[in-house]
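Q: Here TrEMBL flags 1-17 as compositional bias 'Low complexity'. Positions annotated as domain 'PDZ' by TrEMBL: 21-101. The region 'Disordered' annotation in TrEMBL covers 1-20.
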Amino acid sequence: TAPVAPASSTSSSNSNAGTRTCILQPSADRTAGFALSGKTAPPYVICQVERGSPAEKAGLLMNDAVLSINGKSVTETTYEETVKLIKEALQKKNVELVVRER
């Protein structure tokens, strides 16, 4: 794996019960350090978080269900659409993920 640039990230509780917002700062090579399960229907679940990655620093946890990416809901999108949104978001300085613990 490529070296991960230092990133400061925050995680905060959301007013919706059980949800939280994680602000992820992509690494220099525009990666996040997490993987989604390819289930057949949303919400898609984080199935891997790399140690020391931007995802870990942002507070993402295994089995978190991803609800939105940079304000765009992904609760009714296909897996491919969700992955595309994540890749597009990683081109920005910050990626805001709203997740719910499962």
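Here the Cβ of each residue, glycine as well, is placed from N, Cα and C on the backbone.
Since we're looking at a predicted model, the values are computed, not measured.
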Q: Within the domain 'PDZ' (21-101), how many residues are helix, strand or coil going by DSSP?
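A: Helix, strand and coil residues of the domain 'PDZ' (21-101) number 16 helix, 25 strand, 40 coil.
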Q: Within the domain 'PDZ' (21-101), what mean pLDDT does the predicted structure show?
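A: Mean pLDDT for the domain 'PDZ' (21-101): 94.
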